Amino acid sequence: MRVRGMQRNWQTLGNWGILFLGILIICSNADKLWVTVYYGVPVWKEATPTLFCASDAKAYEKEVHNVWATHACVPTDPNPQEVEMENVTENFNMWKNNMVEQMHTDIISLWDESLKPCVELTPLCVTLNCTDYKGTNSTNNATSTVVSPAEIKNCSFNITTEIKDKKKKESALFYRLDVLPLNGEGNNSSTEYRLINCNTSTITQTCPKVTFEPIPIHYCAPAGFAILKCKDKRFNGTGPCKNVSTVQCTHGIKPVVSTQLLLNGSLAEEEIIIRSENITDNTKNIIVQLNETVQINCTRPNNNTRKSIHMGPGKAFYTTGDIIGDIRQAHCNISGEKWNMTLSRVKEKLKEHFKNGTITFKPPNPGGDPEILTHMFNCAGEFFYCNTTKLFNETGENGTITLPCRIKQIINMWQKVGKAIYAPPIAGSINCSSNITGMILTRDGGNNTHNETFRPGGGDMRDNWRSELYKYKVVQIEPLGIAPTRARRRVVQREKRAVGLGAVFFGFLGAAGSTMGAASITLTVQARQLLSGIVQQQSNLLRAIEAQQHLLQLTVWGIKQLRARILAVERYLKDQQLLGIWGCSGKLICTTNVPWNSSWSNKSWEEIWNNMTWMEWEKEIGNYSDTIYKLIEESQTQQEKNEQDLLALDKWASLWNWFDITKWLWYIKIFIMIIGGLIGLRIAFAVLSVVNRVRQGYSPLSFQTLIPTSRGADRPEGIEEEGGEQDKNRSVRLVSGFLALAWDDLRNLCLFSYRQLRNLILIVTRILERGLRGGWEALKYLWNLVQYWSQELKNSAISLLNTTAIAVAGGTDRIIEIGQRAFRALLHIPRRIRQGLERALL
């Protein structure tokens, strides 16, 4: 009895141990996290891809910007999209923006294309005999705009004709800025001059001029990349921006090349903005963006004529022939009242940065290149150099401010050092009107902290482009995201490889500010936008390339457009390759068998999915991405190996496959072969037996020979006639004929097979019956065990509740009793006082 009791106790303890072990396993796996791959998450990083340009250029226009943009840019998108990114803060830095460098390179290409040299002017590097030119048909009216006679020189020189050993004398008009005296720069009485750049650089003449008016150019990011735009109205170009959107292309930017003043740019939306890389460093330029335009109207009133001088076969030098009428100076007019108001507002903004000093403006310091000392810009093909002293000397003039301008034809190219170009003159008078939208300033150095002096500057055209690109940055979309979830990849069957959904486009970034849990819900919509974006953009690029293939023959722009197209395809293939290696092709959410390591991030599941954005999460685990990628790849490799092993055992995956109807014919064929083999063996052995007996001298009379057989012991012997007793043995007849013999063998084989199969079925039935009976008994035992423990738990709970109720009731009674005693004591206080007083009186 004691042994049985111990056995029962051990069984009970064993059951309890199994139960607790199961609960422990469940609890241990409840919070276990696994790596999950997400495709289409709103994550990006800064990048420097090759941008392409878009413009509304007109192929029939001869204006050089139109000609350049026609074969350099694709058509603009008629329906540009801009997606707001809520709850997103992004850092911008206009001073370290690769878009500026790309635009700088592009505008250099534009100018090289526009001012393409046709003729080298090296033969003009000869002695020029020059005199002051007074013009023809001059009225000699002395006005403020009449040019000094020394401003334009009439020079004669010897030049080679079409026949190289022959020379002829020609004359041409040159501006004073384009020639230098041979006897020294300060010698104004000299009559011998040379071209200004003959000793420093090669001079080439541009092709005959056409109109020169910049058109807006949009810069666009290739598929797989996006352009982020800062929409803060007071953004100073550096630091965080809280109002961010994403666009495919920038706004139209006019590539105006100018110094000191910024022309035809964009305006600040609210107040004037001051931008500088380090405003306390006087070596850094200050870019001022105005909030209102100031119109500037420029003109060259002279009625010039143009003539050509032949310098040899196929070479012509274009120069000014005559100036009809008074030789009047080129000039620009600005409203003094509006300019002074603008300058005072700029002062107020500068005082916010230099609170202790007095802000003053002064003209540039003398000395240096004319491009820096004056406001240089291109007006209808002529290069104007205007003196801005009247703008920055703070005279307070409210009338029209007239800026005197000089024109140069030999230009130092701003895009290349040591290169000059001769710009042929434009016939007739020239007029152009522009809007001043900003200015470039420099601050004087020194220790004077009470007076801050600012002067106009410029020269580095990158600052011109920065004034327009300050609010943009290019980012590379990272569509693959990794995050921990409670889901684990369970299946081992091979997944069907679906077609991928394409590379990420800018459209889905609208969910960038959402939490990871909210953003993951829209993955399908995002991925579809990505695919449509890349397909549409690639189609536009290809259509533009096909339309312009005669202009894109191995040019830098054809290569750039093709590079942008190939870059998008490369991004797509790279992402799809990773998804394929991880076994996630065609999936937006893909679970893995890689457990999440808390060393990567120890945040809980709720903290990650309910409080963090994908960008914040990417920064959290960015250093471990390569490690996680490697683990996912190793896990997928192991899974594929397991799949291969499983496929090798696939024939034994299910016993029901043995009874498949498609295999019955194969079973029948095997059965017929076995029966035929048995019959053949029987015939062969019968023939061999007969042959053997014949060789021994025995010849059977018939196949019906009787074979004696013994009679059973319980059967009486038969009595023949005459009462003679027969032998105890009897004979049975053999079957007659070959077919009968075969049939008898087949019948015996079938009977044998039937008996064996019946015995096998009986054995299997008994085994199954015993197994089912045992299983049923086990289930009944488990059910009784569950009922027993349920009843025990119920009784324990009831007992616990009863005990708790009794304890609570006892405690309540005690509390009530204590309260009653305290109440009675309070009620008896007056009586006790009275009794005490009575005793004291007695």
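Think of each number as a place in line: the chain as shown, counted from 1.
Including glycine, each Cβ sits where the backbone N, Cα and C put it.
As annotated by Swiss-Prot, signal peptide applies to 1-31, with the evidence given as sequence analysis.
Taken from Swiss-Prot, the feature disulfide bond covers CYS53-CYS73 (among others), and the record attributes it to sequence analysis.
Annotation source Swiss-Prot lists disulfide bond at CYS118-CYS207 (among others), citing sequence analysis.
According to Swiss-Prot, the feature disulfide bond maps to CYS125-CYS198 (among others). CYS198 (disulfide bond) falls outside any helix or strand according to DSSP and counts as coil.
Marked as N-linked glycosylation site by Swiss-Prot: ASN129 (among others). Secondary structure at ASN129 (N-linked glycosylation site), as computed by DSSP, is strand. Listed in sequence order, the residues of the same chain lying 6 or more apart from ASN129 (N-linked glycosylation site) and placing their CB within less than 8 Å of its CB are CYS155, SER156, PHE157, THR191, GLU192, TYR193.
In this view, CYS155 (disulfide bond) is surrounded by 24 other Cβ atoms within 10 Å of its Cβ, with every protein chain counted. Annotation source Swiss-Prot lists disulfide bond at CYS130-CYS155 (among others), citing sequence analysis.
Marked as N-linked glycosylation site by Swiss-Prot on the basis of sequence analysis: ASN137 (among others).
Annotated N-linked glycosylation site per Swiss-Prot: ASN141 (among others), in sequence order.
The feature region 'V2' is assigned by Swiss-Prot to 155-198, with sequence analysis given as support.
Around the Cβ of CYS249 (disulfide bond), 22 further Cβ atoms fall within 10 Å across all displayed protein chains. Annotated disulfide bond per Swiss-Prot: CYS220-CYS249 (among others), in sequence order, evidence recorded as sequence analysis.
DSSP gives CYS230 (disulfide bond) a strand state. Residues or ranges marked as disulfide bond in Swiss-Prot: CYS230-CYS241 (among others).
According to Swiss-Prot, the N-linked glycosylation site annotation covers ASN243 (among others), on the basis of sequence analysis. According to DSSP, ASN243 (N-linked glycosylation site) is assigned to coil rather than to any helix or strand. Non-local contacts of ASN243 (N-linked glycosylation site) by the CB criterion (under 8 A, 6+ apart in sequence, same chain) comprise CYS230, LYS231, ASP232.
Residues or ranges marked as N-linked glycosylation site in Swiss-Prot: ASN264 (among others). Secondary structure from DSSP puts ASN264 (N-linked glycosylation site) in coil. The Cβ neighbour count for ASN264 (N-linked glycosylation site), using a 10 Å radius and every protein chain shown, is 18.
Per Swiss-Prot, region 'V3' is recorded for 298-331, and the stated evidence type is sequence analysis.
Counting only same-chain residues at least 6 apart in sequence, those with a Cβ under 8 Å from the Cβ of CYS332 (disulfide bond) are ILE296, ASN297, CYS298, THR299, HIS375, PHE384, CYS386, THR402, LEU403, CYS405. The disulfide bond annotation in Swiss-Prot covers CYS298-CYS332 (among others).
The annotation N-linked glycosylation site is assigned in Swiss-Prot to ASN303 (among others) on the grounds of sequence analysis.
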### Message
I'd like to know the mean pLDDT over the region 'Immunosuppression' (560-578).
### Response
73
### Message
If you compare CA-to-CA distances from CYS584 (disulfide bond) to each of the recorded positions CYS73, CYS220, CYS249, CYS432, ASN597, which comes out shortest?
### Response
ASN597
#### Entry: ASN393 (N-linked glycosylation site) versus disulfide-bonded residues CYS125, CYS198, CYS379, CYS590 - nearest by Cα
CYS379
### Task
List only the single closest residue to CYS125 (disulfide bond), chosen from the recorded positions CYS241, CYS249, CYS379, ASN398 by CA-CA distance.
CYS379
#### Entry: DSSP-assigned states of the region 'V5' (448-457) in counts, ordered helix, strand, coil
0 helix, 6 strand, 4 coil
## Note on the structure
Nearest by Cα to ASN264 (N-linked glycosylation site), of the recorded positions ASN340, CYS379, CYS590, ASN602, is CYS379
### Query
Say you check the Cα of CYS432 (disulfide bond) against those of the recorded positions CYS53, CYS73, ASN398, ASN602; which is nearest?
ASN398
### Message
For the C-alpha pair, I'd like the distance in angstrom between CYS379 (disulfide bond) and CYS220 (disulfide bond), rounded off.
### Response
29
### Message
Can you give me the Cα-Cα distance between CYS130 (disulfide bond) and CYS73 (disulfide bond) in Å, rounded to a whole number?
### Response
46
### Message
Using a 10 Å cut-off between Cα atoms, which of these recorded positions sit near ASN340 (N-linked glycosylation site): CYS241, ASN398, ASN597?
### Response
ASN398
